[in-house]
């Protein structure tokens, strides 16, 4: 691996300890990438092809799946190329593009989960008014906001970062991230740190409060309802909660790995923890929703049966896809 840089590229030093593990890593990562692509595209197709699934909850789920594809594309091609070629450098332009892609992916993911939490709150707490509140036009606006807001807010922060003069070109990760880039700066980065704190407040705290408020209201309604109604309502929240906890765990791993000395942790464990939030949410989200959401599971079974020629009754085709299922 080269140990110098000409000032137009960065050295991704975390690859240096990979050794012969890179062949196994390449195979596993390639398989994971293919599964992510197939699972998320299949989920979007199942929802798109079945009009009975054209409900707010499923449109929001499509947006989450598209974001998973977007984030994965920002990581995997570069990761696979570096491992396969043994060239552990990345151009400055590519590095900056990767930072923008991965950070906007993370913000879109959390914003999507906040909107999905709000959707669960409305569906459980205001079932009679739900269809009126979550009209198609409002759902489209929420999805548009879910994407435009992260791109707009991070672009402002990103413009400050790309202007920093750098004194070092070694990043101790397998991908580029903003925190590592700022640490390489030759100048005082107080302004960047202030903007970073503001970004955390706007993009993490605010969305987290929306999710927290939604579930507090859901729990308060469940405590006042019958046991069966409460169990049914809470069951509809399980996929969202599992998805949220999976993403939150990945972000926590990344923050700990970036900001604390983890030299005592085995090399491969450090690498996995650093990319967890970029790999496992896009990998598990379609599986979680496919397994736990009866409507999606039923429609997928019907589509598979029709493809392979197994007869499907009209009664099975007319199964009502309640957004709460």
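Placement of Cβ uses the backbone N, Cα and C atoms for every residue, glycine included.
Because the structure is a prediction, the values reported are computed rather than measured.
For the transmembrane segment (23-46), the list of distant contacts is 53, 61-62, 65-66, 68-69, 72, 76, 79-80, 83-84, 279, 282-283, 285-287, 289-290, 296, 299-300, 303: same-chain residues at least six beyond its ends, Cβ to Cβ under 8 Å. Annotation source TrEMBL lists transmembrane segment at 23-46 (among others).
Residues or ranges marked as domain 'G-protein coupled receptors family 1 profile' in TrEMBL: 39-289.
Within its own chain, the transmembrane segment (58-84) has Cβ neighbours under 8 Å at 12, 15, 18, 22, 25-26, 29-30, 32-33, 36-37, 40-41, 43-44, 47-48, 90, 94, 97-98, 101-102, 105-106, 108-109, 112-113, 115-116, 119, 139, 142-143, 146-147, 174-175, 243, 275, 278-279, 281-282, 285-286, 289, 295-296, 323, counting only residues six or more beyond its boundaries. Per TrEMBL, the feature transmembrane segment maps to 58-84 (among others).
The feature transmembrane segment is assigned by TrEMBL to 96-118 (among others).
TrEMBL lists 139-160 (among others) with the feature transmembrane segment.
Among residues of the same chain six or more beyond the transmembrane segment (194-216), those with a C-beta under 8 A of the stretch's C-beta atoms are 107, 110-111, 113-114, 117-118, 120-121, 150, 153-154, 156-157, 160, 178, 182, 237, 244. Taken from TrEMBL, the feature transmembrane segment covers 194-216 (among others).
Residues or ranges marked as transmembrane segment by TrEMBL: 237-256 (among others).
Here TrEMBL flags 268-291 (among others) as transmembrane segment. Within the same chain, residues 14, 21, 32, 35-36, 39-40, 42-43, 61, 64-65, 67-69, 71-72, 74-75, 79, 102, 105-106, 109, 173-175, 239, 242-243, 246-247, 249-251, 253-254, 256-258, 262, 297, 300 sit at least 6 positions outside the transmembrane segment (268-291) and bring their C-beta atoms closer than 8 Å to a C-beta of that stretch.
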